[in-house]
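Have a look at this one.
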Amino acid sequence: QIFNQHNADALNLEQAFHRMAQTEPNLDHDVSWLLLPSYWAKMVVALISFLCFANSYDGDFVFDDSEAIINNKDLRAETPLGDLWYHDFWGSKLSSNTSHKSYRPLTVLTFRINYLFAGGFHPVGFHVINIILHCTISVLMVDVFSILLGGLHFSNKGRRLNLAPKSSLLAALLFAVHPVHTECVAGIVGRADLLCALFFLLSFLSYCKAFRESKEGHTFSVFWVLVSVILGAIAMLCKEQGITILGLNAVFDALVINKINLLELIQKLLHKDKSLENAGLLRKGLLFRITLLMSGGASILYIRWRIMGTGPPAFTEVDNPASFADSLFVRAINYNYYYSLNAWLLLCPWWLCFDWSMGCIPLIKSVSDWRIIVLAALWLCLIGLICQALCSEDSHKRRILTLGLGFLIIPFLPASNLFFRVGFVIAERVIYLPSIGYCILFTYGFSLLSKQAKKKKILAVAVLGILLINVMRCALRSSQWRSEEQLFRSALSVCPLNAKVHYNVGKNLADKGNQSAAIKYYREAVRLNPKYVHAMNNLGNILKERNELHEAEELLSLAVQIQPDFAAAWMNLGIVQNSLRRFEQAEQSYWTAIKHRKKYPDCYYNLGRLYADLNRHIDALNAWRNATVLKPEHSLAWNNMIILLDNTGNLAQAEAVGREALELIPNDHSLMFSLANVLGKSQKYKESEALFLKAIKANPNAASYHGNLAVLYHRWGNLDLAKKHYEVSLKLDPMAPGTKENYNLLRRKLEQLQKKGG
């Protein structure tokens, strides 16, 4: 009976397909491709999308992940959840002048959940969620492409039919394996684009669910239209592009549900034809639904505007040089050149880079620049597609091309610089949603070629080859995103003129202790961008540590001259001037740094060191106290206070400061050691011994810890234990100052005791 029922359902489905095929051209008819049941198609897409990016699961936090996750206080439990709604993506207040105004509270909330479940900053959980999200989105694409390529049709029982199963599978595979998606999947910050895409697609599918076919035609549900609007709002709270789905739903409604001929409608509007109702504008509730979509979109944007404030985002010329060009012509030409490069990344995603700013793409400043040809090629292609989308007599072709262009262009608009300045030249992550339009156009082009080709299998093999190449490219690119070293080095061949690429390679080398190699890349970054103050600051720091103080001073002085509010460079300049014994200049530099960054504990710490060198003990203690107030876990500042008080004979005050510090940082062995010294001098031997032993347990290879404990035992009269720890100290550091002398004194004393005993 079950078997017969299955056959009956299959027969009904075949009849439905047959009826629809008679009324509308079938895109699958000429396509030589796999025909799989829906659930098998989705399984294949899920598996292949997983294989593309699976090797990124155990990658590190890289590039922007540091700022968005590791340094973002909004992820920590002590930050109230309500603060997420008033902070930007990076954890800064939206009202701040330095905020980028990227408002994505729901994305940050998922990071926070990741952090809480993982019990800290463990990247595996973050990466796994990104991979799962991309697989889910790719599976949803099968349904989305079946509607976009095959139309919205239903069986007699109200079930939606897929009239383009082969084409929708091909398009979904193209989307799943596109290498340009690697940044979104392998880079944890790409979570914003993935979540936005998920709710973007759910909004579209909900809008489609609002319609049912009846004998009278399409009927619709207001409830599902409203659900679509809500899901669009959620998409926007994940990333700004999400709001564009409301416009795409309106386009879909007009073209697919109401079958409006755009060219005919434009002509009637231009001629003020009163028969617009016949054109479909007022039929089937279209105007009502568009009003709902527009009202919802306007309300969402208004609420976001109220939360964000009216101030524009703070970007610099190096982020987006074209937007700072004085000439409107130069801006327009370069914006269009950027569009053409984005289109090229969709067509040929071979040259991928984590950052395309800072000279990676030099500005076009005159029409004699050969790159103008690229712009011409882009617009020739677009104009050709638009003409076909508007003027073709084939309604099926008009619909697919218009939807393809709509999904290609509309989600890209927020990144286009047309409405507001963006903080990048090219960002591969913003092409995640527009790639839907590319996949539609590619699949439709493949169907047209298949229709003309005599050997369809050769064409199918070629497309299969493209898919396999993309899978391998995704796997390779994912492996490059596993660590900062691989990611930054991979960019050197793509953007050799990008100063930020050289800076990041240098910073990565410096973090690993390879200062000589880091200097080379920092110098190249400064050569490529002579105003790159962060590269100057880092290079100056390394030169300072290598005692090349005069060049370090020159670089840091230039950095603060270019950017007078660069607090870190002012502090580092003060450290160099202090080393050069220019104490007044150093003090002035420190206070300038504090002026530009009020809460700067490290600067107060260094200011305290300067005052200590000048024997201004009270000023030094006040500076270090300020450092500990601003940063209670500032171990060095606490230690210096204890040592200074100890050296000046203020043992009671030193003991009080030491106990206060250990309450705040109970596991810091250096604080235990300093307080143990103070307690020993105060003849509190038992307590001092306990702290020395605890410090040695935490850091058993510190010669000074053993040496000072030996001194304590020596004073206390525990001579055997003193001898033991003197010997350990000398074994760890034979040149330890004072230890050898004390050990010799102890040996002579022991010899004298032995003689007396004898």
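Using the three backbone atoms N, Cα and C, a Cβ is placed for every residue, glycine included.
Just so you know, TrEMBL annotations are computer predictions that nobody has curated.
Annotations per TrEMBL:
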TRANSMEM  39-57  transmembrane segment
TRANSMEM  131-151  transmembrane segment
TRANSMEM  163-182  transmembrane segment
TRANSMEM  188-208  transmembrane segment
TRANSMEM  220-237  transmembrane segment
TRANSMEM  286-305  transmembrane segment
DOMAIN    311-383  domain 'DUF1736'
TRANSMEM  372-391  transmembrane segment
TRANSMEM  403-424  transmembrane segment
TRANSMEM  430-449  transmembrane segment
TRANSMEM  458-476  transmembrane segment
REPEAT    499-532  repeat 'TPR'
REPEAT    533-566  repeat 'TPR'
REPEAT    601-634  repeat 'TPR'
REPEAT    703-736  repeat 'TPR'
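What's the neighbourhood like for each of these?
Residues 124, 127-128, 130-131, 134-135, 138-139, 141-142, 165, 168-169, 172-173, 176-177, 182, 185-186, 470-471, 474-475, 478-479, 481-482 of the same chain, all 6+ positions outside the transmembrane segment (39-57), place their C-beta atoms under 8 angstroms from a C-beta of that stretch.
Long-range contacts of the transmembrane segment (131-151) within its own chain (CB-CB distance under 8 A, at least 6 residues past either end) are made by residues 20, 24, 26-28, 38, 41-42, 45-46, 49-50, 53-54, 56-57, 160-165, 167-169, 171-172, 175-176, 181, 184-185, 191, 194-195, 197-198, 201-202, 204-205, 208, 252, 256, 399-400, 403-404, 407, 436, 439-440, 443-444.
Looking just at the domain 'DUF1736' (311-383), the mean pLDDT is 88.
Sequence-distant contacts of the transmembrane segment (403-424), counting only residues of its own chain at least 6 positions beyond either end whose CB sits under 8 Å from a CB of the stretch, comprise 100, 148, 200, 240-241, 243-245, 247-248, 251-252, 255-256, 312-313, 315, 319-320, 322-323, 331, 335, 338-339, 342, 356-357, 382, 385-386, 389, 430-431, 433-434, 436-438, 440-441, 444.
Same-chain residues lying 6 or more positions outside the repeat 'TPR' (499-532) and placing a CB less than 8 Å from one of its CB atoms are 63, 318, 353, 355, 357-360, 484-485, 488-489, 491-492, 538-539, 542-543, 545-546, 555, 562.
Within the chain, the repeat 'TPR' (533-566) has long-range Cβ neighbours (under 8 A, six or more residues past its boundaries) at 499, 502-503, 506-507, 510, 515, 518-519, 522-523, 525-526, 572-573, 575-577, 579-580, 592, 596.
Within its own chain, the repeat 'TPR' (601-634) is flanked in space by residues 567, 571, 574-575, 578, 583, 586-587, 590-591, 593-594, 640-641, 644-645, 648, 661, 664-665, which lie at least six positions past its ends and keep a Cβ under 8 Å from the stretch.
In the repeat 'TPR' (703-736), helix, strand and coil residues by DSSP number 28 helix, 0 strand, 6 coil.
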Same-chain Cβ contacts of the transmembrane segment (188-208) under 8 Å, 6 or more residues past its ends?
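Those are 61, 63-65, 68-69, 89, 104, 106-107, 110-111, 123, 126-127, 129-130, 133-134, 136-137, 140-141, 143-144, 147, 152, 160, 224-225, 227-229, 231-232, 234-236, 238-239, 241-242, 244-246, 248-249, 252-253, 411, 429-430, 432-433, in sequence order.
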Count the Cβ pairs between the transmembrane segment (430-449) and the transmembrane segment (286-305) that lie under 8 angstroms and are 6 or more residues apart in sequence, then report whether there are at least 3.
no
If we skip the immediate neighbours and take only residues 6+ beyond the ends of the transmembrane segment (372-391), which ones have a Cβ under 8 Å from one of its Cβ atoms?
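Non-local partners: 262-263, 266, 333, 336-337, 339-341, 343-344, 364, 397-398, 401-402, 404-405, 441.
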